[in-house]
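Below are the features listed in TrEMBL for this protein:
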{"type": "ACT_SITE", "residues": "B:GLU326", "note": "active site, proton donor"}
{"type": "DISULFID", "residues": "B:CYS62-B:CYS108", "note": "disulfide bond"}
{"type": "DISULFID", "residues": "B:CYS280-B:CYS331", "note": "disulfide bond"}
{"type": "DISULFID", "residues": "B:CYS505-B:CYS522", "note": "disulfide bond"}
{"type": "DOMAIN", "residues": "B:27-149", "note": "domain 'Beta-hexosaminidase eukaryotic type N-terminal'"}
{"type": "DOMAIN", "residues": "B:171-487", "note": "domain 'Glycoside hydrolase family 20 catalytic'"}
{"type": "SIGNAL", "residues": "B:1-21", "note": "signal peptide"}
Amino acid sequence: MVAFRYHASSAAQPGCSVLDEAFQRYRDLLFSSSWWQPPERTRKQHAPEKSSLVILVSTPGCNELPSLESGENYTLTINDDHCFLLSETVWGALRGLETFSQLVWRSPEGTFFINKTEIEDFPRFPHRGLLLDTSRHYLPLTSILDTLDVMAYNKFNVFHWHLVDDSSFPYDSFTFPELTRKGSYDPATHIYTAQDVKEVIEYARLRGIRVLAEFDTPGHTLSWGPGAPGLLTPCYSGSHPTGTFGPVNPILNSTYEFMSAFFLEVSSVFPDFYLHLGGDEVDFTCWKSNPDIQSFMKKQGFGNDFKQLESFYVQTLLNIVSAYDKGYVVWQEVFDNKVKVRPDTIIQVWREETPVRYTKEMELITGAGFRALLSAPWYLNHIAYGPDWREVYMVEPLDFKGSPQQKALVIGGEACMWGEYVDSTNLAPRLWPRAGAVAERLWSSELVTSVDFAFKRLTRFRCELLRRGVQAQPLSVGYCEQEFEET
Amino acid sequence: MEHRGLGLLALLAALAPCCCAAPGPTLWPMPLSVKTSPRLLVLSRENFSIYHDPSSTAGPSCSLLQEAFRRYYDYIFDFNKSRLNPAKHNSAAELKQLLVSVVLESECDLYPSITSDESYTLAVEGPVAFLKANRVWGVLRGLETFSQLIYQDSYGTFTVNESNIIDSPRFPHRGILIDTARHFLPIKTILKTLDAMAFNKFNVLHWHIVDDQSFPYQSVAFPELSNKGSYSLSHVYTPNDVRTVIEYARLRGIRVIPEFDSPGHTQSWGKGQKNLLTPCYNGPKQSGTFGPINPILNSTYCFLSQFFKEVSTMFPDQFVHLGGDEVEFTCWESNPEVIAFMKKAGFGRDFQRLQSFYIQKLLGIVSTLNKGAIVWQEVFDDHAKLNPGTVVQVWKNEMYHVTQAAVTAAGFPVILSAPWYLDWISYGQDWRNYYKVDPLDFDGSQEQKKLVIGGEACLWGEYVDATNLTPRLWPRASAVGERLWSQQNIKDIEDAYDRLTIHRCRMTRRGIAAEPLFTGYCNF
């Protein structure tokens, strides 16, 4: 195999950067010298030689961004007459190229082979995501880009970037540069500049991956405080401020002026239609302690129900963001606390047992007509001894009581790698190949459930990941032809 | 001891659990006695060097020390990430030299042993600091401590506080177990582990080199063992590889104790050595599967003699680990010849006696080769007759204090591993549990407690290979390292947290991908 070629009738042609770049990548992956066996010039086999894989994409769209609605179907036909990849969109072609790369194998003599194959493929769920947390620990740009590469090998298509949180604010805001200067771990080294962000978005796009940016409020915002005085709620002890701060202060107009300006920037920097607005784990104690908030609550008639105050904030924020023509994803608390959201809001389910078991939560959310994303059983930061990938694999996202219409509202899920105990020293082995179990669950048919069959394939795939330079940890006892070598 | 910028620290602490306190010396493990003064000295790459004191029993011909001087010079001045040398602080005095003096016969060309003296004293004052030790082993420990005293201030100037340190380890056996049978570990990974061990003052590499799954050890006398038993021909440790590991370890004051575990855990041995393992029976017929080493054949002991003779030459340490754990009796029970042997020997149906019979013969072989033996606790639990001095490694977690008491009461030395199985990962800061263990926390007399020679953090390889070994070992094993080196009263866990976060950052700077303890960042 030497080349990838565009079919004459393909809507994508040379100049289509998504595919041009992909051809180069896959050519390197398949045919570069990283194979451990050197090729021999014997022509013992009588297999017909193929010179190229021909790609036909029927719909143009090379310079666009992938979206939730993007089709990712493709067919792959390898036989005596054809070596043919057909897809509607360039995104489908990317998926097909990855599959093709997994079909090519090398004989002991060194010749490349591919079996006669007929593949028809399309994903079960359109939103197959991976969350990275760059606030608890800064992740260097290379870690993020490397992760995007491996996501593409696994057909993940959403990078959920949990950029900021209590611990640090690495996002370099041009509207509010003080946020970064005062909130990042080190403004010289531990930030993501506008250039970095652009790079991530384009790198992702070339792999058919959407970047879903999350700016979590009103909780999880301690790092915003130093750079935006007055934004966070001052906590009180009796009648005196303690000097510590709580969630975003929901009673001040300045808060919403700030959010308007901030999310105007965010909406322009991140081109995906959706933004993730967070809304999880809002601790009410600080609000409760604050006398101004207490009077506000009284005036509004919220009584002692801080969920209503939270609703008040979130609703105002959602209106701001809607005005920027963005859709939004929120964590399940927003739904649990009965915030009034737009019907096209996507709710992300992350809590395993509270307020109800996550399967019940999926039932409630879809029952109320909202689209749902499943993450609760896929918190990959929760490590344990042994092959925990099996539990991850055995999750059935539609395993709850509901009508077919309800189940259709489950648009997919996300594996989450929260960063409290994770940084670039251990991110790759902790992510891979365990996240691969989630990837298959979200792409493949619900009938593909045999854990033993998955084990066989995932072990081999893990060795292939090693060959591709991914620091994927072992699933169990054994070996790969080419082991990982530390640098 | 004075910290600059304490007020700012407190404010920052309220904001986020930051690892990066104001720069200052951070020691891990905590030495026996540390006295620091607020007087600062500065040093520079160009003007500072490490020398042998003319009165030292070791000099430039001691390559172990020459290599160490060069290594620590690089660690101190951060050879990878050193910023251009900043302007000298006019106010501070300069530290120009570290003079190293070995007092007794240096042991420079010897291998470290259980009785090696690792004590040292460090007197840091301008312009010449003094590192004094009885043997080269103490110099190595002292160099590590010295390198930990030096830090860069916010201008990048290399700074050290005048200090006086007296140090020696609480326990002489402080080990890490690696398992190269469940997963092959490339030599580079083993060497990196030795580096990290030196940063944490570990002094034993317990190399669990073969097991059921694979036999990567290339034996000269029995080449078929690895030819047939390794995962592949490229998953093998040649004699050269083994020598490389042993010498690399020696230069860091680390003993390499190989474990050739038997009679159980030996499936891979049977691939290249026919008739070594017990054939299992299904009724009257052989089932085709094999069990532990066959203890009833003379050929077994002939093989073991030859094999361990080679092992004894290959591995210079005084001790060899013979394993002896988790012997499954079912195969022995099924084999009619074994049953007949048991009857003749008067063992009845007590297979523990057969196991002990085997182990005692093996111990005899090893003793003839002038080596000491270490065994897993089953050998003791199952009543084998052990030579005095046989070391028992306690690994079973249930009631390990009781096991420690029993073994020491019987007069045998103990290595503790039970609470330190680092392959058992879980979510959160499990290093705290390892730190809180006290190896002498069992019912026993002073004499008994003296028999606890130390402990080992074990990283079994079922789920571990070169992709995840380093972050899984470090800094969790560091907690064990301090527990084994430092005094019993070094127990303040929050102080340990503060020091370990910085020590962890230091390890990453030195090329060890140690994972984070918690949220935060490294200041470089």
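For all residues, glycine too, the Cβ spot is worked out from N, Cα and C.
Automatic prediction, not curation, is the source of TrEMBL annotations.
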How long is the line from the C-alpha of B:CYS522 (disulfide bond) to the C-alpha of B:GLU326 (active site, proton donor), rounded to the nearest angstrom?
43
Mind telling me which of the disulfide-bonded residues B:CYS108, B:CYS522 has the densest Cβ neighbourhood, counting other Cβ atoms within 10 Å?
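For the disulfide-bonded residues B:CYS108, B:CYS522, the Cβ with the most other Cβ atoms within 10 Å is B:CYS522.
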Compare the C-alpha of B:CYS108 (disulfide bond) with the C-alpha of each of the recorded positions B:CYS280, B:GLU326, B:CYS331, B:CYS505, and give the closest one.
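Going through B:CYS280, B:GLU326, B:CYS331, B:CYS505 one by one, the Cα closest to that of B:CYS108 (disulfide bond) is B:CYS505.
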Using the structure shown, find which entry in B:CYS62, B:CYS280, B:CYS331, B:CYS505 (the disulfide-bonded residues) has the sparsest Cβ neighbourhood within 10 Å.
B:CYS280
DSSP on B:CYS522 (disulfide bond), three-state: which is it?
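It is coil.
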Looking at the recorded positions B:CYS280, B:GLU326, B:CYS331, B:CYS505, whose Cα is closest in space to that of B:CYS62 (disulfide bond)?
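That would be B:CYS505, nearest by Cα distance.
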Under 8 Å Cβ to Cβ from the residue listed as 'active site, proton donor', same chain, six or more residues apart: give me those in sequence order, or none if nothing qualifies.
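Non-local contacts for the residue listed as 'active site, proton donor': B:GLY264, B:HIS265, B:GLU378.
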Taking just the CA atoms, what is the gap between B:CYS505 (disulfide bond) and B:CYS280 (disulfide bond) in Å?
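With the alpha carbons as reference points, the distance is 52 Å.
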If H, G and I count as helix, E and B as strand, and all else as coil, what does DSSP give for B:CYS280 (disulfide bond)?
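Where B:CYS280 (disulfide bond) sits, the three-state DSSP reduction gives strand.
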Please state whether DSSP places B:CYS62 (disulfide bond) in a helix, a strand or coil.
coil
With DSSP helix as H/G/I and strand as E/B, how many residues of the domain 'Beta-hexosaminidase eukaryotic type N-terminal' (B:27-149) fall in helix, strand and coil?
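Across the domain 'Beta-hexosaminidase eukaryotic type N-terminal' (B:27-149), DSSP assigns the residues as follows: 28 helix, 34 strand, 61 coil.
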